[in-house]
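Asker: The active site, proton donor annotation in Swiss-Prot covers 128, and the record cites similarity to another entry as its basis. Under the heading active site, nucleophile, Swiss-Prot lists 239. Taken from Swiss-Prot, the feature compositional bias 'Low complexity' covers 341-404, 413-424, 445-458. The annotation N-linked glycosylation site is assigned in Swiss-Prot to 84, 183, 315, 386, 396, 404. For 463, the entry in Swiss-Prot reads GPI-anchor amidated glycine. As annotated by Swiss-Prot, region 'Disordered' applies to 330-458. The annotation signal peptide is assigned in Swiss-Prot to 1-18 on the grounds of sequence analysis.
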């Protein structure tokens, strides 16, 4: 075998082993004020340099719109380009705001072109819209959602919009709570996407035994059911986390020790194997502290986290429901951006698990829905606020990005821009983060779902891998040894 062939093989395997890891970022600060480029840059730089956790070089956004404007591109984009942070872009699909989101998307492509395309992992069309559209979401006044067939049409509209542009190969997806993915009435969305975004928070599954002792099993079961419903579509972990402070949800106690344990038992097995965006880096600022608060750095933006983020080899291989290394983003173009991740645990975690979770649950029974209620984002400069969705059971989140939309809050209020979670709901879904304060309710926040969009032939889409697992190194070394032996 020729050297070039061996290296190509090694590179392809390395690409398939790469996984993106990062945090969710809303368009507003915890106090409700708008974020600008310098704010995003500070957050991205902090995430990349967290003590004990190198490689968090990806950012999930909920909207394409800069807070305080009608449809200007969000300033997180130039910040990401400057910081070499990969992006899971999001368009807020609820509240009749898609036209403005598409305008902002087109403007971003025109303005940033290849610099943007090299960093885009995927594009999420909507965030927890199905949850807010569900019987359960309506019961808790989670905010305006979107019918699955309308959402599927939005996904195709985005696919058409990026065709022939530098983002033409970006995989498209949708982010929602796991119980809505297993609801058969939402199958049209699964058919339309390239990947499925999973939001899940055992903390909010307050109709079940949901202590920290139960968290890992609840999470793995939810992932397994989502994977079963998704069929051959990849499942990306777009929101999960455990609060460092706040009220108790049934048996779930918010505390730093419990947040650390959830990170170890759920996060570490994911980080080098599955595209994962944690909730969250920071959701508190000074006196503005949401209840519950999920931020791992507390109320001051610092590289020193509230608990040890290092992952031991043992806890990087402990989760049985973790998906195998992602290939959707790699297929779309791979390892372009900054592969900075550490190769800490190879971990397999195939996560087969059955959990077919037939298609009928709307989520009330299992308490897995409602992430949308925990986050809130204040209003953003313009007339409306966008809300992000959240999937956990908690109901207190809303965030708004400030265009002309209103944002609902989780089981209670869902906002879209920044991930602050206030909980008052009884489900377990995934929280979304868009706005800053956990109190505003709106229905427009941007969400992220990305899929492996059919590679449209005009441009090359390159993603930015953030971590490469140990097997890749072995493959490369083996290839070199074979060359030497030959």
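Cβ coordinates are placed from backbone N, Cα and C, and glycine is handled just like the others.
For the listed features, I'd like the structural context: burial, neighbours, distances.
Answerer: Around residue 128 (active site, proton donor), taking its Cβ as the centre, 49 other Cβ atoms fall within 10 Å, counting all chains.
All protein chains considered, the CB of residue 239 (active site, nucleophile) has 39 other CB atoms within 10 Å.
All protein chains included, residue 84 (N-linked glycosylation site) registers 15 other Cβ atoms within 10 Å of its own Cβ.
Cβ neighbours within 10 Å of residue 183 (N-linked glycosylation site), excluding its own Cβ and spanning all shown chains: 24.
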Asker: Give me the count of other Cβ atoms within 10 A of the Cβ belonging to residue 315 (N-linked glycosylation site).
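Answerer: Excluding its own Cβ, the number within 10 Å is 20.
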Asker: Write down the Cα-Cα distance for residue 183 (N-linked glycosylation site) and residue 315 (N-linked glycosylation site), rounded and given in Å.
Answerer: 32
Asker: What is the nearest of the recorded positions 128, 183, 239 to residue 84 (N-linked glycosylation site), using the Cα of each?
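Answerer: Of all the candidates listed, 239 is nearest in space.
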